[in-house]
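Notes follow once the structure below has been shown.
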Amino acid sequence: MLLDRYRAIRPMGEGTFGRSFLAEDAEQTNTACVIKQFLPLPQIQGNSGAMAKLTQMFEQEAKQLVDLGEQYPQIATLLTYFEEDKRLYVVRQYIEGMNLFQDLQEQGAYNEHQVKELLYDVLPVLQLVHNRQIIHREIKPTNIIRRNSDRKFVIIDFGISKQLTETKLQRTSARMGNQAHIPLEMLRGGKVYPASDFYSLAIVCIQLLTGAQLEDLYNPMEGRWVWREYFRETGRDVSDQLSSILDKMLKDAIDDRYQLASEILKDFYDSASRTVIRTATVPPPPRVTPELQQKTLGWRCVQTLSKHADTVTCVAFNRDGTTLASGSADRSINIWELETGKLIHKLNGHADTVTCVVFSPDGKILASGSADKTLKIWQADTGKLIYSISGHSVTVFSVAFSPDGQMLASGSGDGTIKLWHPVTGKMVDVLTGHSDFVESVAFSRDGSLLASGSWDNTIKIWNIGSRKLLHSLTGHSGSVWSIALSPDGKTFASNSGDNSIKIWHMATGQLVRTLTTNSGSAWTIAYSPDGQTIASDSGDNTIKIWHTASGQLLRTLGGHSDQVRSLAFSPQGRTIASGSDDMTVKIWRYE
């Protein structure tokens, strides 16, 4: 019994420098927990100065981990920490579920979609951790658990995690952990960087993909990983996109690896290969008139709304343009009064990033989707939660109401589109056909068709009445991020990681025109209500205004200090709302 409270039940694992025990908390009705005991090296235990330094560093880092677990549900909560008899202890939350090593033993090798799902789930967590100047140091299959309750991946056992600043104990701490998952910089000098975690995570991924032992995946004579060759010998294949990303994560030189988790996620938006798309001959694009050029010059930022504590991921106007909803990675939805910029309501209820928001056609309800895998229906005027919908197994990326408001469509990371009755919350049907995340959905103006865009680089058009797939559009060579319907409903625009915006005919699926964005991938697009222009974000933190018919860039709007993630035109077309990684919403008005 430790601290007269924590009782060890049975051993869970043992390593060179510590042991773990399943335990119970006597003060919390015998709630399950995990005790991890660290055993400092004998030369440290025998040196009072070194032991005091190690204990001080341990306590500093443990305190940070307590804060992390309380804020981020995908990090196991550290309950307490202490030193006793020259041994260091942490007690953490017990996570019900299998770790990746156990999962691999039970189900066998993962497919590409499963590995991507792991990366999409874990990388945002690492980004948050690295932002706090903490590095895990021991990412390996046994330290990632798939939680039974929500199937989320949870990172455990940061253990003696290391601050980014150097300490005199680098060489001592460099010996901790499984060396098979340790990059060269840690073995040689003990220094750690965010890129060190990415290296270890990539090794986890190739283990899961191949199901092989690490010694079979590395050629010591050539000093390189040979996982691709091993994978091909099994008769299986993996996309160039995923292969290139994993290879970059595995580079020996730190500077050659990704430096931020967000950089890896961004590369998933871009396809490794580019293809030339031949399209039907179309009439020459109309000339951009001086009047239209002058009109776009009238846009300016009139308000900056700053009540979110993290990236603003989505924005939506109500039907009369007087109210704006914004969703954020801080898990909240803000409802704003546009005329004054006043925050009317803050909606809390989602357990993870809010990814999408949309008002119903009559403006009475608001639907939202989240990385917590749920949709929520809110009363728009009061902000009251009406009900929550569960049904997707991965992040809900997009939601759309049918024009009559009688159907709600949701696209998810599970590769499906689900149709719901917005009044009852009952599922009506499921559309399947995409082989990767469904990032965007949009109904035609008459509600008879639905377009969906996916990370499988395709757009699919569905007949809602028959639930049949009508067209599968393959013009993009990168993940399709966003779809925006034209005001007349005859065409829609799509944007992609291939640095293009494409305009398609809704009924036939024919490609009408391609707009090339040379300053980085556009993540979001919006059609103006008059149909003459399209707004898109850009890799340089700006908003681009394009002439729809000619594809000419008309105007660049600068003001955000970080990547723009979401855009929306007001119904009247004289206002644009933009949400950004800089945690603000900016209101742009044509005057």
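The backbone N, Cα and C atoms fix where each Cβ goes, glycine too.
Remember, TrEMBL labels are computer predictions, not curated facts.
Copied over from TrEMBL, here are the features:
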{"type": "DOMAIN", "residues": "6-269", "note": "domain 'Protein kinase'"}
{"type": "REPEAT", "residues": "305-346", "note": "repeat 'WD'"}
{"type": "REPEAT", "residues": "347-388", "note": "repeat 'WD'"}
{"type": "REPEAT", "residues": "389-430", "note": "repeat 'WD'"}
{"type": "REPEAT", "residues": "431-472", "note": "repeat 'WD'"}
{"type": "REPEAT", "residues": "473-514", "note": "repeat 'WD'"}
{"type": "REPEAT", "residues": "515-556", "note": "repeat 'WD'"}
{"type": "REPEAT", "residues": "557-591", "note": "repeat 'WD'"}
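Comparing 389-430, 431-472, 473-514, 515-556, 557-591 for CB pairs under 8 angstroms to the repeat 'WD' (305-346), the maximum falls on 557-591. Residue counts for the repeat 'WD' (473-514) under DSSP (helix as H, G, I; strand as E, B; rest coil) come to 0 helix, 23 strand, 19 coil.
Residue counts for the repeat 'WD' (515-556) under DSSP, split into helix (H, G, I), strand (E, B) and coil, are 0 helix, 19 strand, 23 coil. If you take every residue in the repeat 'WD' (515-556) and average the pLDDT, you get 84.
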